[in-house]
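Enquirer: Encoded as structure tokens, here's the structure I'll be asking about.
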Amino acid sequence: MRLRVDPVACAGHGLCADLLPEGITLDEWGYPLLDPLLDPLLDAEIPADLLPHARAAVAACPALALRLDPTGPDDRRHGRNRRSR
Amino acid sequence: MWTWYASRAAGLVSLVLLSGSVLLGIGGVTRAASARWPRFAVQRLHRNLSMLAVAFVALHVLTAVLDGYVPISWLDVLLPFTSAYEPWWLGLGTVALDLLLAVLVTTSLLRVRLGLRAWRAVHRAAYACWPVAVLHGIGLGGVDTTTWWVLTLTLACVAAVGVGLVRRTAVGTRP
């Protein structure tokens, strides 16, 4: 499972950072910054012990901008992201 | 006979819970928060209180039908303005229940599937559900409506949600 933020949908409510402080911090405008450990662009799986908190953060997002993505690291879109970095 | 009192009591509890739920929902839109009440707490309380309200509304409806002192059929529960007993005031309750069910289904079951735009459109039915439910209570309460503590409770709920609605109009439609 990987966390993904839809940057267009995100309205900076910031509930996710309260519910998953281990993985999400807010920038100065209140928009989420994913910890490198959870950043899907870095191909990071969410640690099992954080998964319930990640689910709570996803369920809490008022803008439906936070998602859990079950696709694996060999996913095509994922590979493209990795290459583009 | 206990079902009659249960129905009345559950109706009043529903009034308080629904009012609290509307207020907390408005608190979510207006981004109300403090150090002791972070936004996720406001949101989770809004969701839990709403579920509790649905349970009490269900109890209110079930006991009203099962009581049998006044004729309310199962059809009257979902089909408004058709009942033999107080068709107008009971019908308002039916309309409120239908709206509540619409909000319940879209919010808890279909929120992710619907997408934000459609979800918000249906969830706004809550703003229609609440006043219709309050009117239903005032109109059908009979002698109970003018009992001092019921009247106080109703007016307090109306005042609280009224203040909330004023604050709600101050913010736009941004999610």
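In case you wondered, yes, glycine gets a Cβ from its N, Cα and C as well.
All TrEMBL annotations are machine predictions without curation.
Dumping what TrEMBL says about this protein:
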type	residues	note
DOMAIN	B:10-133	domain 'Ferric oxidoreductase'
TRANSMEM	B:6-29	transmembrane segment
TRANSMEM	B:49-69	transmembrane segment
TRANSMEM	B:89-112	transmembrane segment
TRANSMEM	B:124-142	transmembrane segment
TRANSMEM	B:148-166	transmembrane segment
Enquirer: Considering every residue in the domain 'Ferric oxidoreductase' (B:10-133), what is the mean pLDDT value?
Expert: 93
Enquirer: Residues of the same chain, at least six outside the transmembrane segment (B:89-112), with any C-beta under 8 angstroms of its C-beta?
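Expert: Result: 50-51, 54, 57, 61, 72, 76-83, 118-119, 122-123, 125-126, 128-130, 132-133, 135-137, 139-140.
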Enquirer: Considering only Cβ pairs under 8 Å, which range in B:49-69, B:124-142, B:148-166 makes the most contacts with the transmembrane segment (B:6-29)?
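Expert: Answer is B:49-69, with the largest number of Cβ pairs below 8 Å.
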